[in-house]
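Residues or ranges marked as transmembrane segment in Swiss-Prot: 28-48, 60-80, 100-120, 147-167, 197-217, 224-244, 256-276, 285-305, 309-329, 341-361, 384-406.
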Amino acid sequence: MLKIILPTIMLLPTALLSPAKSMWTNTTMYSLLIASISLHWLTPSYYPTKTLTLWTGMDQISTPLLVLSCWFLPLMIMASQGHLQHEPHKRKRMFISTLIIIQPFIILAFSATELMLFYISFEATLIPTLILITRWGNQPERLSAGIYLLFYTLISSLPLLVSILYLHTNTGTLHLPIIKLTHPNLPASWTSLLSSLALLMAFMVKAPLYGLHLWLPKAHVEAPIAGSMLLAALLLKLGGYGIMRVTLLMEPVSNFLHYPFLTLALWGALMTSSICLRQTDLKSLIAYSSVSHMGLVIAASMIQTQWSFSGAMILMISHGLTSSLLFCLANTNYERTHSRILILTRGLQPLLPLMSVWWLLANLTNMALPPTTNLMAELTIMVALFNWSSPTIILTGTATLLTASYTLYMLLSTQRGTLPSHITTTPNSNTREHLLMTLHIIPMLTLILKPELISGTPL
């Protein structure tokens, strides 16, 4: 565990002390090295928990997310080079340092076996994200987006702290393996019901559940590209991961608590997919599609069967890769046309023909075309939901149909059509951007061959 955390922390002096010329190269290469070392976590082990220390441990649920978070640091650094090139050197250092500071906290959050440590690292990721959005966003609205992000997350996570303390007074420990072994039965009272609700609520806002999702499109639209990638690929997954961890602790008080959340998540998947069909802003469209996919993850985590957990796990990883790739593609368009409006950036296929290949691949994975892992995940979740209650197939089926519709709408409106007259000169796509897209696509394609690496089954 430490052989990843310590080098990640040492990236900070690397970024601060590197000479101006080689700063980007040093940080990117070093973080890629850390990412490739982290791949060995995926080796299957006989024991349910790998590398168990007093405060961290990894099992089937956290390992894929940990590898994903290590994989995304070099990608975020690579994606940010374009829009930071005109900034003073000191600000570039600050930007890279902010990205690096988030990383140990995310790794701690995914590997913590102690609920209090999990809470602290869960909250600590918020501040650097806020700095990224409010300092490096493009429009003045970034300040209101930052306030939305801060208040939604803080208001929901204060009750989480209280309910963790309540759990501690009742069980005497917050160590997850011990809690799992002892199966503490909380007394069936109003306080335990409220505390289980508070435990769930913080993660529902982070995931986000439909109705509590208003901070997400704002944050995505106003964030710089690294902020969008971080939110889509890692911070939303903290919500899904927290739900998976916490639902196993709250039996049997909260069983009937799951019904409203399940219904709302599935209804939200349907509603946000239909909202996507009416979007004019490209980044906003991708952000709403994230809400729709995470709705399925929440619904699956609420059922708590092996199949549904497995489906939720695969969907979280594949959605992280897909939506991050879509944000990168949207950013390459934005850097050339300086507009996110779909009508003003249409018909780019003749100008950037190779980029349209990436657009096609990203959109096909987003609409869960076979044989992608997105399809495996959606099928697994649908089967689990159908097994639990057959009418859910109406909601999930319609949501899938709408997903395909808005994905095709996004592809056709960005790539096809007549070129707007105001786009006169477009810089060519460069190697860095193609490498960035390739490093998103390679994990997607390799996971098709071996999806059991990410189909975490809670042991």
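Glycine is treated like the rest: Cβ placed from N, Cα and C.
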Apart from its near flanks, which chain residues at least 6 from the ends of the transmembrane segment (147-167) lie with a Cβ under 8 angstroms of it?
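Residues 115-116, 119, 122-123, 126, 129-130, 133, 174, 186, 191-192, 194-196, 198-199, 201-202, 204-206, 212, 214-215, 218-219, 249.
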The transmembrane segment (100-120) and the transmembrane segment (285-305): do they have three or more Cβ pairs under 8 Å, with pairs 6 or more apart in sequence?
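Answer no: the transmembrane segment (285-305) and the transmembrane segment (100-120) share fewer than 3 Cβ pairs below 8 Å.
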Which of 28-48, 197-217, 256-276, 309-329 has the most Cβ pairs closer than 8 Å to the transmembrane segment (224-244)?
309-329
Need a quick answer: max count of Cβ pairs under 8 Å to the transmembrane segment (100-120), which of 60-80, 197-217, 256-276, 341-361 is it?
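Stretch with the highest Cβ contact count: 60-80.
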Mind pulling out the one from 28-48, 60-80, 309-329, 341-361, 384-406 with the most Cβ pairs under 8 angstroms to the transmembrane segment (256-276)?
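Most contacts with the transmembrane segment (256-276): 384-406.
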Do any residues, 6 or more residues outside the transmembrane segment (28-48), come within under 8 Å Cβ-to-Cβ of it, and if so which ones?
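Distant contacts of the transmembrane segment (28-48): 3-4, 7-8, 11, 14, 58-60, 63-64, 66-67, 70-71, 73-74, 77-78, 453, 459.
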